[in-house]
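Copied over from Swiss-Prot, here are the features:
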BINDING   V81, E82, S83, A218, E219  substrate binding site
BINDING   S83, K84, R247, G248  NADPH binding site
ACT_SITE  C179  active site, thioimide intermediate
ACT_SITE  D186  active site, proton donor
Amino acid sequence: MPLSTSLLGKKNTYKDSYDATLLFKIPRINNRNVLGIDSNHLPFYGVDIWNTYEISCLNKNGKPLVGIGTFYIPADSENIVESKSFKLYLNSFNNFIIESIEELERIILQDLSNVTYAKVTGRIFPINTKIEFGIPSGKNIDNLDIVCNNYGPPDNSLIEYEDVLVEEEIYSNLFKSNCLVTGQPDWGTIVIKYKGKKLKYDSFLRYLISFRNFNEFAEQCAERIFIDIKNSINLDFLSIYIVYTRRGGIDICPYRSTDKSYTLPNDKRLIRQ
């Protein structure tokens, strides 16, 4: 279905009964074709991590159950899920009577797997679960004194490197893009790990800032950055992790890596989550 038929950016009525058909799928192939990515031979591995903070249903006695969900959608899934549709879908459980949170978890995982055409994993945690906060372990490049005048579209010519080999992690809290459909701001922290020729921090920060007024879905921004870096520098290893802040009770954190046996970033939340 075309994106224009989705519920994103439209006034919607919340349904009071569970409805899996609310989930709206978006084929990944469309944006990947634009980026020159062969969907049959992806240049990366990874996952989209969805953290959902507004999950509730009713138990057999009519008492509300609540939880926080984390779901992992493989980067090689055929489709992504449009976030507004996922929010409406989750809220359709609000008056749904169910045996337990575990049963709700099973239903959500199955529905997400059905719509993405991939095996989605994850779980729903109790609200009283202790969550640790932290900061990325790498070098923050935000304090560089740079002049910026390009806020979109992204300018990959700004990705420059020095003739020195490094293995490092850098990050920025200044990343921002906009929703492809509504234009609403998506704020995030981006973490880059790589091994190869050293990125020039000042020009690379300007590159990241050139996404500021650019309209693109979160997952697609991560893949664009991955491809732009990969095409600019011959690296032995590269991973991209964007931790977006929540909107509508959901935050989306795409992770892409050249390493097939990648290890997911630690589960510490950032302060803006």
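Cβ coordinates are placed from backbone N, Cα and C, and glycine is handled just like the others.
Model, not experiment: these values are computed from the prediction.
Ranking the recorded positions V81, C179, A218 by how many other Cβ atoms lie within 10 angstroms of each Cβ puts C179 at the bottom. When the binding-site residues K84, R247 are compared by the number of other C-beta atoms lying within 10 angstroms of their own C-beta, R247 comes out lowest. Apart from the site residues V81, E82, S83, A218, E219, the chain places the Cβ of I26, D48, I80, F86, F217, I252 no farther than 8 Å from the centroid of the site's Cβ atoms, the recorded substrate location. It is 13 Å from the Cα atom of G248 (NADPH binding site) to that of the residue listed as 'active site, thioimide intermediate'. Within 10 Å of E219 (substrate binding site), judged by CA to CA distance, lies none of the recorded positions K84, C179, D186, R247. A separation of roughly 14 Å, to the nearest angstrom, links the Cα atoms of C179 (active site, thioimide intermediate) and V81 (substrate binding site).
D186 (active site, proton donor) has a Cβ environment of 23 other Cβ atoms inside 10 Å.
Ranking the recorded positions K84, D186, R247 by the distance of their Cα atoms from the Cα of A218 (substrate binding site) places D186 first. Considering only the residues assigned to substrate binding, V81, E82, S83, A218, E219, the longest pairwise Cα distance works out to 11 Å.
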